[in-house]
Amino acid sequence: MPGGVEAEKDILVLLEKAQKGDRIAREDLIAAHQSFIAGCVAKVVPRRGGIRDMDEYSIALLAFNEAVDGYDAGRGASFHGFARQVINRRLVDHYRASRRFSPELPQAEPPEETVESDFTLPEDDVREEIERFATRLGEFGITLEDLVRETPRHRDSRRMAIGIARRVLEDPELRAGLERKKKLPFTLLLRQLVLNPKTIQRHRRYIIGVYVVLGGDFPLLREYVRGAEGGAESGR
(Lines of atoms letter the chains of each structure in order from A; the text may use other names.)
(Lines give C-alpha, C1' and ligand atoms only; values in the text may rest on other atoms or scores of the structure.)
Protein backbone atom coordinates (compact mmCIF):
# COMPACT_ATOMS: atom_id res chain seq x y z
CA MET A 1 0.00 0.00 0.00
CA PRO A 2 1.18 3.58 -0.49
CA GLY A 3 3.44 4.97 2.18
CA GLY A 4 4.40 8.45 3.31
CA VAL A 5 3.18 10.88 5.91
CA GLU A 6 -0.04 11.77 4.08
CA ALA A 7 -0.96 8.12 3.62
CA GLU A 8 -0.34 7.51 7.32
CA LYS A 9 -2.64 10.40 8.21
CA ASP A 10 -5.33 8.99 5.93
CA ILE A 11 -5.02 5.63 7.68
CA LEU A 12 -5.43 7.21 11.10
CA VAL A 13 -8.54 9.05 9.91
CA LEU A 14 -10.04 5.80 8.61
CA LEU A 15 -9.09 4.04 11.84
CA GLU A 16 -10.86 6.61 13.96
CA LYS A 17 -13.99 6.38 11.83
CA ALA A 18 -13.93 2.57 11.82
CA GLN A 19 -13.57 2.43 15.59
CA LYS A 20 -16.63 4.66 15.87
CA GLY A 21 -18.70 2.24 13.84
CA ASP A 22 -18.29 3.54 10.28
CA ARG A 23 -18.52 0.33 8.22
CA ILE A 24 -17.53 2.04 4.97
CA ALA A 25 -14.33 3.32 6.59
CA ARG A 26 -13.61 -0.16 7.93
CA GLU A 27 -14.10 -1.74 4.51
CA ASP A 28 -11.90 0.92 2.90
CA LEU A 29 -9.21 0.30 5.50
CA ILE A 30 -9.26 -3.45 4.93
CA ALA A 31 -9.24 -3.00 1.15
CA ALA A 32 -6.25 -0.66 1.36
CA HIS A 33 -4.33 -3.16 3.46
CA GLN A 34 -4.85 -6.34 1.46
CA SER A 35 -1.24 -6.34 0.29
CA PHE A 36 -0.03 -5.65 3.83
CA ILE A 37 -2.10 -8.55 5.20
CA ALA A 38 -0.87 -10.86 2.44
CA GLY A 39 2.70 -9.79 3.23
CA CYS A 40 2.26 -10.72 6.89
CA VAL A 41 1.01 -14.15 5.86
CA ALA A 42 3.86 -14.59 3.37
CA LYS A 43 6.44 -14.03 6.11
CA VAL A 44 4.92 -16.86 8.11
CA VAL A 45 4.01 -19.15 5.22
CA PRO A 46 6.71 -18.88 2.55
CA ARG A 47 4.95 -19.48 -0.76
CA ARG A 48 5.02 -17.92 -4.18
CA GLY A 49 1.70 -16.57 -5.34
CA GLY A 50 -1.82 -17.46 -4.29
CA ILE A 51 -1.51 -16.01 -0.78
CA ARG A 52 -4.98 -14.50 -0.88
CA ASP A 53 -6.48 -17.87 -1.79
CA MET A 54 -4.99 -19.50 1.30
CA ASP A 55 -6.94 -20.05 4.50
CA GLU A 56 -4.16 -18.38 6.45
CA TYR A 57 -5.13 -15.18 4.67
CA SER A 58 -8.68 -15.49 6.03
CA ILE A 59 -7.29 -15.87 9.53
CA ALA A 60 -5.02 -12.87 9.01
CA LEU A 61 -7.95 -10.85 7.68
CA LEU A 62 -9.94 -11.53 10.84
CA ALA A 63 -6.90 -10.64 12.93
CA PHE A 64 -6.42 -7.37 11.04
CA ASN A 65 -10.06 -6.53 11.71
CA GLU A 66 -9.38 -7.22 15.38
CA ALA A 67 -6.33 -4.94 15.27
CA VAL A 68 -8.45 -2.12 13.87
CA ASP A 69 -10.62 -2.30 16.99
CA GLY A 70 -7.75 -2.72 19.43
CA TYR A 71 -5.32 -0.08 18.18
CA ASP A 72 -4.67 2.87 20.49
CA ALA A 73 -2.55 5.61 18.92
CA GLY A 74 -1.96 7.06 22.38
CA ARG A 75 0.31 4.16 23.27
CA GLY A 76 2.88 5.27 20.73
CA ALA A 77 3.08 2.14 18.59
CA SER A 78 2.50 2.35 14.85
CA PHE A 79 -0.70 0.82 13.56
CA HIS A 80 1.16 -1.40 11.10
CA GLY A 81 3.44 -2.74 13.82
CA PHE A 82 0.46 -3.43 16.06
CA ALA A 83 -1.54 -5.09 13.28
CA ARG A 84 1.42 -7.27 12.31
CA GLN A 85 1.77 -8.37 15.94
CA VAL A 86 -1.91 -9.29 16.23
CA ILE A 87 -1.81 -11.22 12.95
CA ASN A 88 1.29 -13.15 14.02
CA ARG A 89 -0.23 -13.99 17.40
CA ARG A 90 -3.48 -15.19 15.91
CA LEU A 91 -1.67 -17.42 13.44
CA VAL A 92 0.43 -18.83 16.28
CA ASP A 93 -2.75 -19.39 18.33
CA HIS A 94 -4.32 -21.38 15.52
CA TYR A 95 -1.28 -23.54 14.93
CA ARG A 96 -0.70 -24.04 18.62
CA ALA A 97 -4.22 -25.44 18.81
CA SER A 98 -3.37 -27.88 16.03
CA ARG A 99 -0.48 -29.29 18.12
CA ARG A 100 1.88 -28.96 15.18
CA PHE A 101 4.17 -26.25 16.43
CA SER A 102 7.66 -26.42 17.88
CA PRO A 103 7.67 -27.07 21.66
CA GLU A 104 10.29 -24.34 21.93
CA LEU A 105 7.85 -21.71 20.64
CA PRO A 106 7.65 -19.07 23.41
CA GLN A 107 4.39 -17.95 24.96
CA ALA A 108 5.25 -14.29 24.46
CA GLU A 109 5.16 -12.58 21.09
CA PRO A 110 7.95 -14.17 19.01
CA PRO A 111 10.12 -12.12 16.70
CA GLU A 112 9.14 -12.40 13.04
CA GLU A 113 12.12 -14.59 12.23
CA THR A 114 11.09 -17.02 14.99
CA VAL A 115 7.57 -17.21 13.65
CA GLU A 116 8.97 -18.07 10.24
CA SER A 117 11.31 -20.82 11.35
CA ASP A 118 10.19 -22.43 14.60
CA PHE A 119 6.97 -24.19 13.67
CA THR A 120 5.42 -25.98 10.74
CA LEU A 121 2.10 -24.67 9.52
CA PRO A 122 -0.57 -27.34 9.00
CA GLU A 123 -1.95 -25.70 5.87
CA ASP A 124 -4.19 -28.64 4.93
CA ASP A 125 -5.73 -28.76 8.40
CA VAL A 126 -6.49 -25.04 8.41
CA ARG A 127 -7.93 -25.09 4.90
CA GLU A 128 -10.14 -28.08 5.64
CA GLU A 129 -11.44 -26.57 8.88
CA ILE A 130 -12.22 -23.18 7.40
CA GLU A 131 -13.93 -24.77 4.41
CA ARG A 132 -16.14 -26.79 6.75
CA PHE A 133 -16.81 -23.69 8.84
CA ALA A 134 -17.77 -21.64 5.78
CA THR A 135 -20.11 -24.41 4.62
CA ARG A 136 -21.79 -24.59 8.02
CA LEU A 137 -22.10 -20.80 8.18
CA GLY A 138 -23.74 -20.87 4.77
CA GLU A 139 -26.61 -22.87 6.26
CA PHE A 140 -27.46 -19.71 8.20
CA GLY A 141 -26.96 -17.39 5.23
CA ILE A 142 -23.70 -16.00 6.64
CA THR A 143 -20.32 -15.63 4.94
CA LEU A 144 -16.81 -15.20 6.34
CA GLU A 145 -16.88 -11.65 4.99
CA ASP A 146 -20.00 -10.98 7.09
CA LEU A 147 -18.10 -12.02 10.22
CA VAL A 148 -15.16 -9.77 9.37
CA ARG A 149 -17.50 -6.79 8.97
CA GLU A 150 -19.65 -7.51 12.01
CA THR A 151 -17.21 -8.62 14.68
CA PRO A 152 -18.01 -6.48 17.78
CA ARG A 153 -15.50 -3.67 18.20
CA HIS A 154 -15.27 -3.67 21.98
CA ARG A 155 -14.11 -6.42 24.29
CA ASP A 156 -17.24 -6.27 26.45
CA SER A 157 -19.45 -6.57 23.37
CA ARG A 158 -17.48 -9.58 22.15
CA ARG A 159 -17.70 -11.26 25.54
CA MET A 160 -21.43 -10.60 25.72
CA ALA A 161 -21.98 -12.01 22.22
CA ILE A 162 -19.89 -15.09 23.00
CA GLY A 163 -21.87 -15.55 26.22
CA ILE A 164 -25.13 -15.45 24.25
CA ALA A 165 -23.74 -18.01 21.80
CA ARG A 166 -22.84 -20.31 24.70
CA ARG A 167 -26.32 -19.89 26.17
CA VAL A 168 -27.93 -20.84 22.85
CA LEU A 169 -25.67 -23.86 22.53
CA GLU A 170 -26.39 -25.09 26.05
CA ASP A 171 -30.16 -24.53 26.01
CA PRO A 172 -32.03 -27.26 24.04
CA GLU A 173 -34.99 -24.99 23.24
CA LEU A 174 -32.83 -22.11 22.01
CA ARG A 175 -30.61 -24.45 20.03
CA ALA A 176 -33.57 -26.17 18.41
CA GLY A 177 -35.10 -22.82 17.48
CA LEU A 178 -31.90 -21.64 15.83
CA GLU A 179 -31.35 -24.86 13.93
CA ARG A 180 -34.95 -25.01 12.76
CA LYS A 181 -35.33 -21.44 11.48
CA LYS A 182 -31.62 -20.72 10.86
CA LYS A 183 -32.12 -17.45 12.73
CA LEU A 184 -31.61 -16.44 16.33
CA PRO A 185 -34.76 -17.13 18.38
CA PHE A 186 -35.15 -13.53 19.58
CA THR A 187 -38.35 -14.02 21.54
CA LEU A 188 -36.97 -16.96 23.50
CA LEU A 189 -33.66 -15.18 24.10
CA LEU A 190 -35.36 -12.07 25.45
CA ARG A 191 -37.41 -14.21 27.83
CA GLN A 192 -34.25 -15.67 29.31
CA LEU A 193 -31.82 -12.76 29.10
CA VAL A 194 -32.21 -9.13 30.08
CA LEU A 195 -30.81 -7.57 26.92
CA ASN A 196 -31.61 -4.78 24.53
CA PRO A 197 -33.15 -6.37 21.40
CA LYS A 198 -31.05 -4.02 19.25
CA THR A 199 -27.91 -5.43 20.82
CA ILE A 200 -28.79 -8.98 19.84
CA GLN A 201 -29.84 -7.87 16.37
CA ARG A 202 -26.61 -5.93 15.84
CA HIS A 203 -24.41 -8.90 16.71
CA ARG A 204 -26.65 -11.71 15.46
CA ARG A 205 -24.27 -12.99 12.77
CA TYR A 206 -21.30 -12.96 15.10
CA ILE A 207 -23.33 -14.81 17.75
CA ILE A 208 -24.31 -17.48 15.22
CA GLY A 209 -20.72 -17.73 14.02
CA VAL A 210 -19.49 -18.35 17.56
CA TYR A 211 -22.31 -20.84 18.12
CA VAL A 212 -21.17 -22.76 15.04
CA VAL A 213 -17.55 -22.78 16.22
CA LEU A 214 -18.32 -23.87 19.78
CA GLY A 215 -20.84 -26.48 18.71
CA GLY A 216 -18.79 -28.07 15.95
CA ASP A 217 -15.48 -29.76 15.34
CA PHE A 218 -13.46 -26.59 14.85
CA PRO A 219 -10.49 -26.73 17.28
CA LEU A 220 -8.45 -24.02 15.52
CA LEU A 221 -11.35 -21.59 15.34
CA ARG A 222 -12.34 -22.41 18.91
CA GLU A 223 -8.90 -21.23 19.97
CA TYR A 224 -9.56 -17.98 18.11
CA VAL A 225 -12.84 -17.53 20.02
CA ARG A 226 -11.00 -18.10 23.29
CA GLY A 227 -8.55 -15.38 22.33
CA ALA A 228 -11.36 -12.99 21.37
CA GLU A 229 -13.17 -13.73 24.63
CA GLY A 230 -10.03 -12.96 26.58
CA GLY A 231 -9.44 -9.75 24.65
CA ALA A 232 -5.66 -10.09 24.81
CA GLU A 233 -4.77 -7.73 22.03
CA SER A 234 -7.97 -6.03 21.14
CA GLY A 235 -9.62 -5.02 24.37
CA ARG A 236 -10.43 -1.36 24.56
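Glycine residues also receive a Cβ, built from the backbone N, Cα and C atoms like all the rest.
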Range annotated as DNA-binding region in TrEMBL, from 46-65, 66-85, 126-145, 186-205: 186-205
Distant-in-sequence neighbours of the DNA-binding region (186-205), which means Cβ under 8 A and at least six residues beyond its ends: 142, 146-147, 150, 152, 157, 160-161, 164, 167-168, 171, 173-174, 177
Helix, strand and coil counts within the motif 'Polymerase core binding' (55-68) (DSSP): 14 helix, 0 strand, 0 coil
